[in-house]
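Taken verbatim from TrEMBL:
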COILED    116-148  coiled coil
COMPBIAS  487-514  compositional bias 'Basic and acidic residues'
DOMAIN    277-332  domain 'Kazal-like'
REGION    478-514  region 'Disordered'
TRANSMEM  38-66  transmembrane segment
TRANSMEM  86-110  transmembrane segment
TRANSMEM  161-183  transmembrane segment
TRANSMEM  198-220  transmembrane segment
TRANSMEM  356-380  transmembrane segment
TRANSMEM  401-423  transmembrane segment
TRANSMEM  443-467  transmembrane segment
């Protein structure tokens, strides 16, 4: 069945990929150079508002059991906080598919050419520019795409600023894909929250600051008419500030869940996390308990057990998620030893650490998104106007191929190496990981992206050094505005010269007649 999901995602990716590179070029071609950063900021903000609603929908779907409608949910003995819980993931796909079809309709009504912003009053210039572009389009169709493709590719590959920016994007995209993809799992394991709660918190804390940062970055570029070199410095130093703040996340520590036989002994003492054959103890050795079953219970001593059997429980009362196990020989308490379904809560201190982590993540998201628009403008302005669509498309292609695809694969393998107990499928094969080593998971989740991002600042500083004495091809005609204004001025001057010549000629004729 996963093949159907894979093919569906491939088709969806083919459909949505051209929107950003071609859409950004569309804006750059027809907007004023001082306005295009703001417009691109709005587009990027829209790309964040969508996931904000999407994460809210995902939070709702994650709280609904995957087989809802075909099973009686009252008989379930697991809750959304359980690692075995699977939400109704398919429900979101149905809703989003319908919305995607509706949003595709307006694209059919976009014109091929737009009047250059700021030149609407001069109809002759717009008409001439339109005719000139149409002639160029006809010429391209006759010559074929390959005639321009190879020279443009050679020009891009020989552009040091573009290639260094591409390298930065690939490295940083590796880091951010890893962090965003595995953030829900990290917060679930580190702080003991359910998937629906985690997804909702990520949407509330991270996405609004990103929207504000994109718009603010575009407004700053428009208000102060930031040059390409200034934009490069702003993007670099803001990104570096956020990178340094990222290291504070290493202080947001939560200990492993106390699970007897995995993270602690049955006496409540810490043990070697990767010790074998520690699951059985004297209190449950005669119970013939399966050692691979994961059906955790929380004892009234604050320690979790892999199953009620391994806790030594003899009787139970209640049904469903309200079931209570009693007379548990492995739970050492002064009174009646009992256990309830699910892992024990990690406590108030761990909840506070989660709040600190989310607040720091919100601040970092705002600072980094504030630098995103200036950085993107460096990409657009470092290439020639005629190479813009190809340059943005190549940038998107490389980040997807060299970061978007491999990053979750190798990062997922590293995360799996921290697993302490694997679930078992009915056929006996290994299933999903039930509990991770929190410390090693934290080092990998925070450390590897930090190392990757640290490497990306080497080409970033090289770009700043190159820009000191370099004139970029897009700096004077980046979005075509200044170029068009120059053409407009030239045409207006020609018209003025013609009028003056005509006037002089008429004066001379009048003098001759007199």
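Cβ coordinates are placed from backbone N, Cα and C, and glycine is handled just like the others.
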So, does the transmembrane segment (86-110) come close enough to the transmembrane segment (356-380) to give 3+ Cβ pairs below 8 Å, pairs being at least 6 apart in sequence? no
Take the C-beta pairs under 8 A between the transmembrane segment (401-423) and each of 38-66, 86-110, 161-183, 198-220. Which stretch has the highest count? 161-183
Report the listed stretch (86-110, 161-183, 198-220, 443-467) having the maximum count of Cβ pairs within less than 8 Å of the transmembrane segment (38-66). 198-220
Contact set of the transmembrane segment (198-220) with the rest of its chain, CB cutoff 8 A exclusive, min separation 6+ beyond the ends, reads 37-42, 44-45, 48-49, 51-52, 55-56, 58-59, 62, 183-184, 187-188, 226, 234, 354, 358-359, 361-363, 365-374
Long-range CB partners for the transmembrane segment (86-110) (under 8 A, at least six residues beyond its ends), listed in sequence order, are 8, 12, 15, 26, 54, 57-58, 61-66, 68, 80, 195-196
Any residues 6+ beyond the ends of the transmembrane segment (443-467) with a Cβ under 8 Å from its own? 160-161, 164-165, 167-168, 171-172, 174-176, 178-179, 182, 186, 228-229, 232-233, 236, 239-240, 243, 246-247, 249-250, 378, 411, 414-415, 417-418
Using DSSP, what is the helix/strand/coil residue split across the domain 'Kazal-like' (277-332)? 6 helix, 11 strand, 39 coil
